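Feature list (source: TrEMBL):
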- 95-154: region 'Disordered' (REGION)
- 103-114: compositional bias 'Polar residues' (COMPBIAS)
- 123-147: compositional bias 'Polar residues' (COMPBIAS)
- 271-409: domain 'AAA+ ATPase' (DOMAIN)
- GLY279, PRO280, PRO281, GLY282, THR283, GLY284, LYS285, THR286: ATP binding site (BINDING)
Amino acid sequence: MMELSYQSMKVAHQAREADELRTEMRRKSLLILIYHHLLGQGYVSAAVALDQETNGGVRRFEVCDNIDLEMVLMEYESYHYVKFQKYPKLIRRTAEPGENRNARSGSVKRSSCSAAKPLPKINPSQSPKSGNGAKRTTASSHTNENGSALPPELSEFGLNVSSIRNGPAGEAANNRKGQMTDGKVSINDAVKGAGSDSDHMERLLKPLSGFSGMSGEMRELAAIISRDIYLHSPNVRWEDIIGLEDAKRLVKEAVVYPIKYPQLFTGILSPWKGLLLYGPPGTGKTLLAKAVATECKTTFFNISASSIVSKWRGDSEKLVRVLFELARYHAPSTIFLDELESVMSQRGTSMGGEHEGSRRMKTELLVQMDGLAKSEDLVFVLAASNLPWELDHAMLRRLEKRIIVSLPSSPARQAMISHWLPPLSSTGGVELRTELDYETLAKGMEGYSGSDIRLVCKEAAMRPVRKIFDALESHQDGDTDVPAIQLETVTTADFLEVITHTKPSARNLMDKYTAWEREYESV
Ligand code: ADP
């Protein structure tokens, strides 16, 4: 009896030892896998640091059987899919202090176009109609992933507009995710579902140490440009851009669809390498570029052309070269060159003759654009200009596709005013009511840009708020009870009064844009 229990204790002890050994081996293998993964991805300094921290314990080992971290994760995903019919969510963004996770995850609902998608069968006669010029569908931005209502959303002026905008359209939008087909969730949906949380995750860039053949100076320039790469999604969706239906469609055709459906864009349809958005200031050119960045998870370089010139006059030529090299390194990439006229005005026409450095930089930009046109690199230049007639013709030829972003139409102006000043919203918990004849106001704002209209709406919303400052100030000096605050309703007359004090910024230039459009519009 004694002998038996001694034997079983020994066996149990040996089993425990074997278990501990396996755990230890597993931990060590994990570190070695991480070490090789870091090296493979070019994170050389991180790999060296890991090796040092483990006293050289990882460098001396190789991984057997072609295992690597990615494969381990893939195996886990397949296992999870077989067991639960959906892919696992591997990571999730940590909430930052004071951040509302629900609001974040609900605020982005978009289809990623980073990966080529298989083409579904579509009967051309069934293709969905493009929406009405100025009507916006905002429903998707007010529901979270499970389709439940999000906490009230604040409008751009801090006004709560969610209660007013949630409509039946929202329900339809909610049902899109996790759609069941014959009782099964399609793999595409499962993949989309699993990826949704990482959609607005900070972008992980390849380390610059893998950027070969660079001198110290070039590496420094690369680091400077890397600061202009969007790491966070700018979170502007197509439906956030009011009106501009033609411009949106053309931008999607030129930039988004070639990335989403590359199989369609070959031969004569091979994608454009350069696109110019032009039109009056404040009409949504930057918004369109941000929507591209949000929709396509390409590496997005947001470059303000004027800052290249002013900050890097001497070095700007090198900076341009490194910019394109970096874009190729991080491909697929989109380079957004804002205020293009400030670097690419017609050569030799700038005041006081042309600076030699700036001439060389322009030439470099042209050379790089030519390089792109000839190559298969997935790098695309999106340029914006308020003054297209000032642009160098050689540059224009390279921006093959040109799209006008014009002043908002009357329905678009109406949609903007009702978006920024809905009948009921709240600011800092205080209700703001408006009684506005949107149609009349939109008619009275001909020639105003989107940005002008936003300013007018802000000023109109400010009027009743201004009137309560006295009450608030006197309250702070006295007792602790918060006075009941009632804001006056903003009326059409108030709004018209604001309009008389704010002049449209670009009305007089519109003829010039249309004349330019007639001459230079590509298609
Ligand atoms: P630009 O054409 O000068 O690049 P932006 O895209 O920067 O203009 O627009 C400036 C601001 O004006 C935007 O942040 C937005 O608030 C407002 N705006 C302009 N056009 C629109 C639009 N079509 N839809 C929604 N907001 C707009």
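Every residue gets a Cβ built from N, Cα and C, even glycine.
There are 26 other CB atoms within 10 A of the CB of GLY279 (ATP binding site), with all protein chains counted. Of all the binding-site residues listed (PRO280, PRO281, GLY282), PRO281 has the fewest other CB atoms within 10 A of its CB.
Highest local Cβ density among the binding-site residues THR283, THR286 belongs to THR283, counted as other Cβ atoms within 10 Å over all protein chains shown. Cβ atoms within 8 Å of the centroid of the Cβ atoms of GLY279, PRO280, PRO281, GLY282, THR283, GLY284, LYS285, THR286 (the ATP site) belong to the same-chain residues ALA384, ASN386, VAL405, SER449, GLY450, SER451, site residues excluded. Long-range Cβ neighbours of LYS285 (ATP binding site) (same chain, at least 6 residues apart, Cβ-Cβ under 8 Å): LEU277, TYR278, GLY279, ASP338, ALA384, VAL405. Other Cβ atoms within 10 Å of the Cβ of GLY284 (ATP binding site) number 26 in total over all chains. DSSP assigns THR283 (ATP binding site) to coil in the three-state reduction, outside any helix or strand.
DSSP labels the residues of the domain 'AAA+ ATPase' (271-409) in these numbers: 64 helix, 30 strand, 45 coil.
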